[in-house]
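Trainee: The following block contains the structure, expressed as C-alpha cells.
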Amino acid sequence: MPSLDDILKPVAEAVKNGKKVTFFNGAGISTGAGIPDFRSPDTGLYANLAKLNLPFAEAVFDIDFFKEDPKPFYTLAEELYPGNFAPTKFHHFIKLLQDQGSLKRVYTQNIDTLERLAGVEDKYIVEAHGSFASNHCVDCHKEMTTETLKTYMKDKKIPSCQHCEGYVKPDIVFFGEGLPVKFFDLWEDDCEDVEVAIVAGTSLTVFPFASLPGEVNKKCLRVLVNKEKVGTFKHEPRKSDIIALHDCDIVAEKLCTLLGLDDKLNEVYEKEKIKYSKAETKETKMHEIEDKLKEEAHLKEDKHTTKVDKKEKQNDANDKELEQLIDKLKI
C-alpha cells in the first residue's frame, strides 16, 4: 500500500510545474476548527439538532420554516458565527498557494468564511451556499449591516428589518433558495480551465455543487481528500484520479512538505493560534465584565427594591396610625 507521500507526489509535481489548483471544499475541511460537519452519524450538525425540536433536521436551513420560526436557525447561528473559530491548516495551505501564484479558485459549500479569515482574497472565493458576510430581509430584501445583526444576536433577539419588520437572515443559501449568480458565472468561465482539482471534505451529495468535479476537462488532475470515496470518484472514476482517504489537515501538511512550504505553514498556523487564543481570552474577560456589571445592576436593583418595600411598609404604618388618630378625634 503506497504511503501518503507517494500518493501526493504527482499533485506536488503538477503545482511545481506551474499548474494552478482549483479547490472544491466541504464541511470536512473545517472540522479541525471545531465546527461540526452536517451528515456524520454521531457528530454531524444534523445529529445534534434534537434540542431545537425541529420537524426534520434540515428545517433549520429551510427558507419556508425560517419565515415561520427563525429562532432555531439563530440558536444554531450563535455557535457557527464567524469569529468563533480559527482557520485550519488546510485553510492556510490554500492561502500559501495563493501567495505563490498557484491558486485558480476556491469553490466552497461552507458558510463559515474561514477561507477569508485565512487571508484568501475575495476574487478567488465562490461561496456556493452563501455566507455570513452580508444579510438581507427575507420580505423586502433590504440589507442589514453585519454589526447591527450581531447586536441583535448578542441581545438574544431575532433580527428584524428596520423598514418592514420582516425577519432578517444572513445571505446563506437555504433549501428553497437559488444559488448565487457568481457561482454559475464563474463556473462557466472556469470549467474547461481547471488544471488540478482538489476536492476536500465533501460528501458530494448536494447539487449542483456535487456535479462540478465531474464536469472538469479530461486532462485535469483530480484529487479527492476525504474519509471515503464519493461522487464521480466512486461512480465514474478516472484513471488519473488521486485518492487520499485521510484527514484534510494531514494532507495539507504533507503537500506543504512536498512543496517546501511546511515551515511557512507551521509559522502562520502557530501565529494564528496565538492571535485567536488572545482574542478568545479577551472575549472571555469581556463576558466576565458584562456578567459582573449585570450582577451589580441586579444587586443595586434588589437594594432599591428593598428600600422601596421598607418605605412602602413605613408609609402603610403611618397611614394606619393616621387613620386611628382620625377615628379617635371623631369620638
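Each position is counted from 1, following the chain as shown.
Placed from the backbone N, Cα and C atoms, the Cβ positions cover glycine too.
Annotations per Swiss-Prot:
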DOMAIN    1-262  domain 'Deacetylase sirtuin-type'
BINDING   26-46, 109-112, 201-203, 226-228, CYS248  NAD(+) binding site
ACT_SITE  HIS129  active site, proton acceptor
BINDING   CYS137, CYS140, CYS161, CYS164  Zn(2+) binding site
COILED    276-331  coiled coil
REGION    283-319  region 'Disordered'
Trainee: Relative to the mean position of the Cβ atoms of CYS137, CYS140, CYS161, CYS164, the recorded Zn(2+) site, which additional same-chain residues have Cβ within 8 Å?
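Mentor: Leaving out the recorded residues gives VAL138, ASP139, HIS141, LYS142, GLN162, HIS163, GLU165, GLY166, VAL168.
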Trainee: Could you say which of the recorded positions HIS129, CYS137, CYS161, CYS164, ASN226 has its Cβ with the most other Cβ atoms inside 10 Å?
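Mentor: Of the recorded positions HIS129, CYS137, CYS161, CYS164, ASN226, the highest Cβ count within 10 Å belongs to ASN226.
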Trainee: Within its own chain, what residues at least 6 apart in sequence put their Cβ under 8 Å from the Cβ of GLY34 (NAD(+) binding site), listed in sequence order?
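Mentor: Within the chain, GLY34 (NAD(+) binding site) has Cβ neighbours under 8 Å at PHE85.
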Trainee: Select the most exposed residue of GLY26, SER30, ASP112, CYS140, where exposure means the fewest other Cβ atoms within 10 Å, treating these as the binding-site residues.
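Mentor: Checked GLY26, SER30, ASP112, CYS140; of these binding-site residues, fewest Cβ neighbours within 10 Å: CYS140.
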Trainee: Cα distance, HIS129 (active site, proton acceptor) to ASP112 (NAD(+) binding site), nearest Å?
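Mentor: The separation of the Cα atoms works out to 10 Å.
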Trainee: Which value does the mean pLDDT take for the domain 'Deacetylase sirtuin-type' (1-262) in this predicted structure?
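Mentor: Mean pLDDT for the domain 'Deacetylase sirtuin-type' (1-262): 91.
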Trainee: Can you tell me how far the Cα of CYS161 (Zn(2+) binding site) sits from the Cα of the residue listed as 'active site, proton acceptor', in Å?
Mentor: 22
